[in-house]
């Protein structure tokens, strides 16, 4: 056997390393060629590995932190039974939506995500208007989603301060907004890192996310005496049902539990928005979405069951901190142990905001690149220093601060803005899914499936139709006020605001947007001879594609 440092062994090591580099290079070339076929010149470095991509997908949902942020709503309105059953019901339906999104992302792995895909799935004369509506809905949902998650993180930190310093500590609106704005600026700074550094940073997110979830489950079960655990009837049956809505019937009160799971399991297409930075994007991006949806659904259900099982008297929740999740941990673990683990829950929320800002900035970049913003492509610029869209990053950061400022004026207005996160995002998802099926036989629509594909058989149809109908149903639940009677303090403004944004965007399109926006357009110079209304035309030949890739 040759010595470890012998020439033959060194030669083998060098050869293996060369093959590894060549394989990575070939994968990147294939990804870039696919992007060129869609119609875009590669602008980013592909530094996200499979692990980093899966970690990104898990992090955008922020399992334990998202549940911590929204746990109060189902627990206090519909009770423990609503918490447990609505989660698994919503997660099952979200699985069909995630799968439907994944197959479109696999076919169109661009940073525009479903926005770019939507224009390819309709006839040419409808591409601009469909792309416009989907683009603005998606951007709206992502920015207010970032804002709401960041504000939730600020409130989680202040809840820990209240627990640590005593129930008499007062958290003012100014303190909440100040911490919220500071955290957003910090995330803006972190997102200015180069793609390779972002990928390395993201790789560890999934382990902290799932690790914190498992630790909470184990410690709660270990520290709760068997005699103090609730019965199965309380967790799953009628003993755990309450109706604190002030007038809604029991069915509506129960369904308000969907607000938690739908808010947690959203922003599926965030992974698509970094697909131009992902290796083997047509495989990795949809697979990460698929895995994250299944994992979040299953582990989230287990966490909700354990929280209810160990929750103690319902009348004591949400407690002085305003967070039922944290109060349950304090009850069972004591203040020191609860606050120690809570720090990791807050860290998970911190990761959610980091990935959400990265995804939102790529969407704004893509929309600006396609002249969807009245900025003449200013925000569709990639920094030559970091190879990331710095202008779009700071635009999103600044705009995301604005909704949080509403807390200084009114809690109701702030909650209305945040309530429309899932509504706006989910509507932007089902439009391209519907268009793919509705125009499947149209001569101008040619959907070429990617590696992740459910097929045109019964499974694919059931998944697509189910997710469309479910999303429309959930949007109705989102639009209802959670308490009766309806007055200025209980009115849910989510639906009017979302509808108003759609209406204003359409008016804007008619009055001026259509003059500069023609739908997602190729930025390849060898396609300059194409008709002005053509979008994302495939390349004429491979030699030109390779030439532009080099450039």
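The backbone N, Cα and C atoms fix where each Cβ goes, glycine too.
TrEMBL annotations: computationally assigned, not manually curated.
Database features (TrEMBL):
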REGION    1-28  region 'Disordered'
TRANSMEM  48-68  transmembrane segment
TRANSMEM  88-117  transmembrane segment
TRANSMEM  129-148  transmembrane segment
TRANSMEM  177-194  transmembrane segment
TRANSMEM  206-227  transmembrane segment
TRANSMEM  247-266  transmembrane segment
TRANSMEM  287-309  transmembrane segment
TRANSMEM  339-367  transmembrane segment
TRANSMEM  388-406  transmembrane segment
TRANSMEM  412-435  transmembrane segment
TRANSMEM  456-481  transmembrane segment
TRANSMEM  493-511  transmembrane segment
Message = Check the transmembrane segment (206-227) against the transmembrane segment (48-68) for contact, please; criterion is three or more CB pairs under 8 Å, pairs 6 or more apart in sequence.
response = yes
Query = Hey, which of 48-68, 177-194, 339-367, 493-511 has the most Cβ-Cβ pairs under 8 Å against the transmembrane segment (88-117)?
reply = 339-367
Ask   = If you count Cβ pairs under 8 Å, which stretch among 48-68, 177-194, 247-266, 287-309, 388-406 touches the transmembrane segment (456-481) the most?
value = 247-266
Ask   = Do the transmembrane segment (287-309) and the transmembrane segment (177-194) come close, with at least three CB pairs under 8 A (pairs 6 or more apart in sequence)?
value = no
Request  = Could you name the stretch, out of 48-68, 247-266, 339-367, 388-406, with the greatest number of CB pairs under 8 A to the transmembrane segment (177-194)?
outcome  = 388-406
Message = Checking distant contacts: for the transmembrane segment (48-68), what same-chain residues at least six beyond its ends satisfy Cβ-Cβ under 8 A?
response = 149, 152-153, 156, 195, 199-200, 202-207, 209-210, 212-213, 216, 260, 263-267, 270-271, 274, 277-280, 284-285, 287-289, 291-292, 295-296, 299-300, 303-304, 307, 323, 325-326, 345-346, 348-349, 351-352, 354-356, 359
